[in-house]
Amino acid sequence: MEDDAPVIYGLEFQARALTPQTAETDAIRFLVGTQSLKYDNQIHIIDFDDENNIINKNVLLHQAGEIWHISASPADKGVLATCYNKTSDSRVQACAAVWRMPKELESGSHESPEDPASTAQTLELLCHLDNGAQGNVACVVWEPMGDGKKVISLADSHILLWDLQPSSSQAVLASSAALEGRGQLKFTSGRWSPHHNCTQVATASDTTLRGWDTRSMSQIYCIENAHGQLVRDLDFNPNKQYYLASCGDDCKVKFWDTRNVTEPVKTLEEHSHWVWSVRYNHSHDQLVLTGSSDSRVILSNMVSISSEPFGHLVDDDDVSDPEEHHTEKSKEPLQDNVIATYEEHEDSVYAVDWASADPWLFASLSYDGRLVINRVPRALKYHILL
């Protein structure tokens, strides 16, 4: 069973920000933000044509500054948020803003490759997530499955919940909380849980993971020394409400049950350098992607701690011939394993993410501007489905 070759797209600038176009459920589309100090920065809208195995792209100018983080609205295909650096008075400040792309680009009408003269279009600024004295913004996360009207920004030691007004033209600060403790505590990343009616957010700061209740903005759990060094990223299991994954500079990926945070449920040690990004598959939560500055992307099968630890079970009632029943998948838990290691990158892989429209396809981005689109191996796909 021949697997499709990876598809590689090169940006002319360095890049570390990647997101799927979350509200798009039909087309496979990713957004990539660049990091250039000398030239105007860009957002590349990457359309993947699955049938022909080719990439089409559009380029939007992001003149506000180099992009450190990008996230897409879960409700509106044309709306996105960026965290970017701007320099004023020889001082660098990390800001955040919400933008709208031109209407005709929301659904991927793309420039023809034969037309090099086609000019990049600009983004429309909807609003700044202006936190005043709160500090440098590390990331912006949208309320999952929401109407695109609630976002959280993490700025230095502050977690800020914003209500976006109609048409997102203004952001109103609804509530906030601050990290308390010794030293200069700073958030590095965060994720909004799709469970518990979307009332929980998890954050990483230094080596600690924390859970927050968005209604009271109070801390609900704390995992100190979750990693031996800085925590870089985290993600929630989409199917198991108390499970989350984290990764960090100790080269490890850890899986946690937030009801018992004394030790991780599982630890992976497959990378040889800092792990920058971890993502659960949106549909099949045993599939976990990680990207690292060892320049590798690893796809792991964490089936023992997934929502289907015994595989896809068939009810006795569904089997017409009892004699055939012994051929069904065994009721022993399946073994966790590394499915594949992808080595198309030659630089640090800062971001990995699954396509929102196809559960078997994912993208990875390395600092040299190389975006690689890969698929879950066919044999595993059919093993999961059948």
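Each Cβ is built from the backbone N, Cα and C atoms, and glycine gets one as well.
According to Swiss-Prot, the feature N-acetylmethionine maps to Met1. If you look up Swiss-Prot, you'll see 132-172 marked as repeat 'WD 1'. Annotation source Swiss-Prot lists repeat 'WD 2' at 182-222. The annotation repeat 'WD 3' is assigned in Swiss-Prot to 226-266. According to Swiss-Prot, the feature repeat 'WD 4' maps to 270-310. Taken from Swiss-Prot, the feature region 'Disordered' applies to 312-332. What Swiss-Prot records for Ser320 is phosphoserine, and it gives similarity to another entry as the kind of evidence. The annotation compositional bias 'Basic and acidic residues' is assigned in Swiss-Prot to 322-332. Annotated repeat 'WD 5' per Swiss-Prot: 344-384, in sequence order.
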Statement: Sequence-distant contacts of the repeat 'WD 2' (182-222), meaning Cβ under 8 Å and at least 6 residues beyond its ends, amount to 135, 138-139, 141-146, 152, 154-159, 161, 175-176, 228-236, 238, 241, 244, 246, 248, 256, 258, 261
Query: Could you give the mean pLDDT over the repeat 'WD 2' (182-222), rounded to a whole number?
result: 95
